[in-house]
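Trainee: When I checked Swiss-Prot for this same protein, it listed these features:
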- 38-58: transmembrane segment (TRANSMEM)
- 59-720: topological domain 'Extracellular' (TOPO_DOM)
- 95-120: coiled coil (COILED)
- 216-267: coiled coil (COILED)
- 377-408: coiled coil (COILED)
- 433-576: region 'Disordered' (REGION)
- 488-503: compositional bias 'Low complexity' (COMPBIAS)
- 504-513: compositional bias 'Gly residues' (COMPBIAS)
- 527-560: compositional bias 'Low complexity' (COMPBIAS)
- Ile643, Asn645, Glu649, Glu710: Ca(2+) 1 binding site (BINDING)
- Gln673, Asp675, Glu685, Asn697, Asp698: Ca(2+) 3 binding site (BINDING)
Amino acid sequence: MKDDFNDEEEVQSFGYKRFGIQEGNECTKCKNDWALRVAIALLYVLCALLTIAVAVLGYKVVQRMDNVTEGMQNYGGKITAVETDLKKLDDQTGEKSENATSELHSFKLEFQTLQKQLSDVIVKTSNNRAVLKELQLAGEDMQSGHLSLRDLLESNANVISKVNHTLNTYNSLIDGLKTETARLQSDLHVQTSEQGQNSHSISTLNFTQTQQRNLISSLQRSVEDTGQAVQKLKNDYQSLQQVARQTKADADWLREKVQNLQALAANNSLLTRSNSDSLEDVTSQLTTLSEQVQNTSTITDSHDQSLRELMDQQRDHDNATSIRFDALEARLDSNEGEMDRITGNVSFTTQLLRAISTDLNGLRTCSETVTRHSELLHGLNNSVAETRAESTELKAQQEELAVRLDKEVSSLSIVMDEMKLVDNKHSQLITNFTILQGPPGPRGPRGDKGSMGLPGKTGPKGEKGEKGAPGDAGPKGEKGPAGPPGVPGLKGPPGSRGSPGPKGSRGSGGRQGPSGEKGDPGIPGMPGRDGQPGPTGPQGPQGLRGPAGPAGLEGARGPVGPIGPPGPPGLPGLPAPPIVVPPVDPQGFVNRQVAPPPTTTPGCPPQWKGFREQCYHFSAPMESLNFDEAKERCSNLSSSMLIINDEEEQLWIKRQISGKGYFWLGLKWKPGQPDNWSHGHEAGEDCAGLIHEASWNDFFCTERIGFICERTNESKVPVL
């Protein structure tokens, strides 16, 4: 279009000098003025006619060009409509066209890509047909599997009905066991009340026995004091006897020798009589003391006999209660075994039902995938049919556009040929005329703004942009079906030992032990001093020296000396066997625990046992605590609760606690664990403990059983 307008401007503004017509003196020489004027007028007329013709031709050309531009705009609108249709098709098929331009080459390329895509879709449909055939075969297999699963479900239903029947029977048995356990609990309550009465009577007997022991010890002390007094009296009596003998000898010697001393002898006889009276009083006191000692001995013998009878009765009662408790424990063990079998059967049935439910879920998902695939294939078939129809429509529209473009191009070529012919004619007509070039005319008004050109080619694909920010989190999906139980994990390594707790408060003082046996008698005292020499007699006449006589008789033994100091205390006697009252826990389990004997393991505190590099403290038989109290007690002992790490430690613990009841372990379930079975209670069994043969089980944390504390052996701690 621009070239055509430029040609018009050149036609309107070109000069005639190029045709050889020039202004000069030759025309004035050949022609006159009149001819010149006529020629000039004719030239003006011809110029006017030419301008009119050129204007008419320009108007026609402009009109034709307006028609052509309107047609091009219409074609552009149609092309944009085709592009929008192609974009819609791209949106429906999920593919994006990159080069959608107004050129035929781009249309051909797009149609080739569409043909390739159609061929790919045809290949995919053929593949999907094979997949459909495979899915049909799988569906047939699934139908057969459904039939087999139905048979399995029917068989499982029969098994479940049988299991329900057995559960009903077990329920009846459990009801009977509940009645028996209620009766046993009532018996246990009666026995506990009797045992409490017996313990009260035993405590009263122990109190009376301690009082009797105190009385006996006081009587023994009084007897010892009386014995010492009697010994002193005996010594005095012997000294008095010696004095009496001496006085008798003196009296005889005086009767024989001196008569004038009769008054003195009479006085001496009075003195002896008074001494004999005092001796008689002492003997009467000794007889009364001996009678009192005999009475106390008879009373102590009667008390000892009653205590022996009470001990025998208590021993018989303990034996009977232990036998009954053993029978109850055996029955409870059998009941626990039956309950374990029942729970095993129930768990097996639940596992079967879970497996069946997982299979059904898998079948359901398979059927859903099959239906989804069938819907997708149906949608693909519909989309393929639509793409085929649209491709045929596009081909028809393309052919029509090609025909129209060919017509328009041919018409434009004809117009251009006509314009060239007109230009040639104009050039031929103007060859014989000289046209003076006039002054340039005024600038014409600005033309209207042309129509918007066609869109250019699509540029190359840009670089990949940066990754956008993550979108908002989607809504939480529905909870999926519970998966099958996983394989139990490996046992984790033992945790690091905690820091030792603060030192516990000092325990209460123990009971006073029984008094020891009577010590051995002391060493006999030194022999008494010799008696006083008698009064010197009158010197007789010196007789003749006689022969040496025989040796005289041995003199009388002197009086017994004072009692020596008491000897060292004797060795402590054997302690009496403790009276063990078996505690009863809230569920009726009886703890038959025996106090472990004290050990002297190096590096371990007293009453602790050593094994390898650890020290263990076993609770006393009467010491039953719940889990939190046991944990606090172990922390007060600068230790922690027992955690078994290997089989050797478990075997050693098994040997130590055999027949001693249940003990706490330092393990506890987390909230919501699978084995937190409530068993008809509000809270679950969250704490672990040791039962028969050192096997562990979960208990209620409020139960009161024994506990075991452990700590490192101080002698085996490496020195840094």
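Using N, Cα and C of the backbone, Cβ positions are placed for all residues, glycine too.
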Trainee: To the nearest whole angstrom, what is the C-alpha distance linking Asn645 (Ca(2+) 1 binding site) and Asn697 (Ca(2+) 3 binding site)?
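Mentor: Here the two Cα atoms lie 16 Å apart.
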Trainee: Do you know offhand how many angstrom separate Glu649 (Ca(2+) 1 binding site) and Glu685 (Ca(2+) 3 binding site) by C-alpha?
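Mentor: Rounded to a whole number, the Cα-Cα distance is 25 Å.
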Trainee: I'm trying to understand the geometry here, so how far is the Cα atom of Glu685 (Ca(2+) 3 binding site) from the Cα atom of Glu710 (Ca(2+) 1 binding site), in Å to the nearest whole number?
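Mentor: With distance taken Cα to Cα, Glu710 (Ca(2+) 1 binding site) is 24 Å from Glu685 (Ca(2+) 3 binding site).
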Trainee: Can you tell me how far the Cα of Asp698 (Ca(2+) 3 binding site) sits from the Cα of Ile643 (Ca(2+) 1 binding site), in Å?
Mentor: 14
Trainee: For the C-alpha pair, I'd like the distance in angstrom between Glu710 (Ca(2+) 1 binding site) and Asn697 (Ca(2+) 3 binding site), rounded off.
Mentor: 20
Trainee: Across all chains shown, how many C-beta atoms besides its own are within 10 angstroms of the C-beta of Glu685 (Ca(2+) 3 binding site)?
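Mentor: There are 19 such Cβ atoms around Glu685 (Ca(2+) 3 binding site).
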Trainee: Rounded to the nearest angstrom, how far is the Cα of Ile643 (Ca(2+) 1 binding site) from the Cα of Asn697 (Ca(2+) 3 binding site)?
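Mentor: The Cα atom of Asn697 (Ca(2+) 3 binding site) is 13 Å away from the Cα atom of Ile643 (Ca(2+) 1 binding site).
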Trainee: Through the lens of DSSP with three states only, how would you label Glu649 (Ca(2+) 1 binding site)?
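Mentor: Going by the DSSP assignment, Glu649 (Ca(2+) 1 binding site) falls within a helical segment, counted as helix.
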Trainee: Tell me, by DSSP, whether Asn697 (Ca(2+) 3 binding site) is helix, strand or coil?
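Mentor: The residue in question, Asn697 (Ca(2+) 3 binding site), is strand (DSSP, three-state).
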